[in-house]
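Sequence annotations record features per position, and here TrEMBL assigns Fe cation binding site to 172, 236, 307, 513. Annotation comment: TrEMBL describes 525-546 as region 'Disordered'.
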């Protein structure tokens, strides 16, 4: 597994033309932009966790049936500090680092107070966010980095705290039809409260307002007080419908007191996260019209959720689909020591990612009998059972076992939908196939090849598409076979058959998330390499020696 997870990858600073086999649809013009960890050792130091690796951006520019690839490390302050020192000096969530290697317990004592609520890393390795006309590399801290999506150049550093009081924020925002960004973050012990803050960033700024930067016009949409001042819930994403927001306050919690002393104790922040299996998962439903949560207390069993799939409203109910785990063992598996030693045995101990559907009644009949099911939809077997004290216990419907990294046709986000495009991870958290799952018929189509590890599949609709699955699916594929080149896979989304692949003679990394930017989103003449680029790859820029 070391060649997939532990090896530093080289940059490909100049675009290299891929070898295309098959036929790319003529309408597919644009750039697939992806993000993920690419460097796991600096000098003689090594990150503990795969999610700590330094961010490596890469892109596939598709134009007139040809594909060009390039990659570049995000030149974050974290990257620059580490490279200058030739060792890891900036802490990540799973790796605590100290700027001074001779730092002793006494000097730690003088400096740890500044780390009580730490100044987190700007190693933005998880996703790409569009905000107005700009693009940002994002992670789960209060920082993001503006990037040039054409050259992958790193631009200014942005601190959310200048615009909204959050110490942490998700890397999975939502976008409405106008392009406004809806996101949420955690505000730790601000004015004596720890809150989950939902905020909106406008896509455009009115002419009569000063400042063209949409971030300066960020609006706090709603805030929810954490059930615990010192142990807020971890969350990776949230759900939206046309009228509501869905937030799961799960018993996978960050202990603020432990985090405040992690630096002096020499332990990482991840050790301050704990799953409390005896607790409940609370389901918060926020009405977008009133900007207030519904008064009913909805809850379900203890679980861990990283990815929401979709949510929608039907006949007075709100349905939402999520990938659930029975515990937090997935995070533990991705410590590099577990990935590279006894991997198969460790992966079997990991909770299986399971697609489940929940149904929540939007108007609860106070006269309903205790124990009665408040869901009467024919479309789901999910139940919501009335309890005393205005509480409702939600029992989900199990849809599919063994899938992760879900994507949908985003035109159906927040609306009734049918198809999930995901990585199949049967009995292991490692993707082996790409899956198209039909939530209506409970059937699936799959693509897979031996030694191939697919990244998150991303759906791109056909222009003027009429059906939900009219389009193609893109996935960056890496291989455990050193004789097999990595490639961009292009599938017909309807039949799930391969249309084309673009093989690249580079060291491509396994990424996490990203987005597709159609040529219509910028001047195509500026974003695509010249048609006269050479076929072969120019010399790659080396990652630092380890």
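Cβ atoms here come from the backbone N, Cα and C positions, even for glycine.
All protein chains shown were included, and the count of other CB atoms within 10 Å of the CB of residue 513 (Fe cation binding site) stands at 21. Neighbour density for residue 236 (Fe cation binding site): within 10 A of its CB lie 16 other CB atoms from the protein chains shown. In sequence order, 172, 236, 237, 322, 323, 404, 405, 406 constitute the residues six or more apart from residue 307 (Fe cation binding site) in its chain with CB-CB distances below 8 Å. Other residues of the chain with a Cβ within 8 Å of the Cβ centroid of 172, 236, 307, 513, the Fe cation site, are 126, 127, 170, 171, 237, 306, 308.
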